[in-house]
Amino acid sequence: MNTAGRLLLLCLALGLVFESLGIPVADDVEAVRDTDPDEKDPSVHNSLKAVYGDCGGERCRFGCCKTDDGEEKCQHFGCP
């Protein structure tokens, strides 16, 4: 049990050492200097929107395709 306790303390000490070597987190004081590109780049947020198309009077999420009859339908409704 003595060895297990020493091993536990060694692991905790090494964990603290490696944690202190990590990248520091910005404080609220330095929030003005935030350089996170995801928050300021609008193209990141626009890429998550669904694109809708108009297929013969129907709004389709995944685009249109033509059936064998030449009729336009939404792609997810059994187009060939």
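Count begins at 1; order follows the chain as displayed.
Placed from the backbone N, Cα and C atoms, the Cβ positions cover glycine too.
Residues annotated as signal peptide in Swiss-Prot: 1-22. According to Swiss-Prot, the feature disulfide bond maps to Cys55-Cys65, Cys60-Cys74, Cys64-Cys79.
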_Distance check, please: Cα of Cys65 (disulfide bond) against Cα of Cys74 (disulfide bond), rounded to an integer number of angstrom._
6
*Per DSSP, three-state class assigned to Cys64 (disulfide bond)*: strand
*asked:* Within its own chain, what residues at least 6 apart in sequence put their Cβ under 8 Å from the Cβ of Cys74 (disulfide bond), listed in sequence order?
replied: Cys55, Glu58, Cys60, Arg61, Phe62, Gly63, Cys64, Cys65
